[in-house]
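In what follows, a single structure is set out as structure tokens and then discussed.
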Amino acid sequence: MIRTMMNAKIHRARVTESNLNYVGSITIDSDILEAVDILPNEKVAIVNNNNGARFETYVIAGERGSGKICLNGAASRLVEVGDVVIIMTYAQLNEEEIKNHAPKVAVMNEDNVIIEMIHEKENTIVL
């Protein structure tokens, strides 16, 4: 059986920009992407903690060290600058792969700096 499992999460990032007139996507600081192993053009699910919106888009790599989290195109209608968001990717894994799967979670501060990296095999952490 194949199951869809959370693979990476950027937890409590703050939206730094919103650009309605761009063709789409979310731009994320490349340092953050590398920390959680999210690739450019990878599909992401986004949850807005401020208004409850949930949506999907794809990733564009942003300038390193910028802390940039910019929603582009139609997705920009679902956020305001300063909103707290959770950005996730998922992987489809078989039962054997699941046994060794450890999602990467980057916990962010209010300046979009990683303050903690979590590599857990079991979902035992409450944030």
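Including glycine, each Cβ sits where the backbone N, Cα and C put it.
Taken from Swiss-Prot, the feature active site, schiff-base intermediate with substrate covers Ser25, and the record attributes it to sequence analysis. Swiss-Prot lists Tyr58 with the feature active site, proton donor, giving sequence analysis as the kind of evidence. Annotation comment: Swiss-Prot describes Thr57, Gly73, Ala74, Ala75 as substrate binding site, evidence class sequence analysis. Taken from Swiss-Prot, the feature pyruvic acid (Ser) applies to Ser25, supported by sequence analysis.
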Cβ-centroid neighbourhood (8 Å) of the substrate site, Thr57, Gly73, Ala74, Ala75 excluded: Gly24, Ser25, Ile26, Phe55, Leu71, Asn72, Ser76, Arg77, Leu78
Among Ala74, Ala75, which are binding-site residues, the residue with the most C-beta atoms within 10 angstroms of its C-beta: Ala75
Spatial neighbours, same chain, of Gly73 (substrate binding site) - Cβ under 8 Å, 6+ residues apart: Asn19, Leu20, Asn21, Tyr22, Val23, Gly24, Ser25, Thr57
Number of Cβ atoms other than its own within 10 Å, given for the residue listed as 'active site, proton donor': 13
Alpha-carbon spacing, Ala74 (substrate binding site) to Tyr58 (active site, proton donor), which is rounded to whole Å: 12
For Ser25 (active site, schiff-base intermediate with substrate), the number of other Cβ atoms found within 10 Å of its own Cβ: 19
DSSP-derived structure type at Ala75 (substrate binding site), helix or strand or else coil: helix
Around the Cβ of Thr57 (substrate binding site), the count of other Cβ atoms that are within 10 Å: 19
Nearest-integer angstrom distance between the alpha carbons (Cα) of Ala75 (substrate binding site) and Tyr58 (active site, proton donor): 11
Pairwise C-alpha maximum, in angstrom, for the residues (Thr57, Gly73, Ala74, Ala75) that bind substrate according to the record: 10
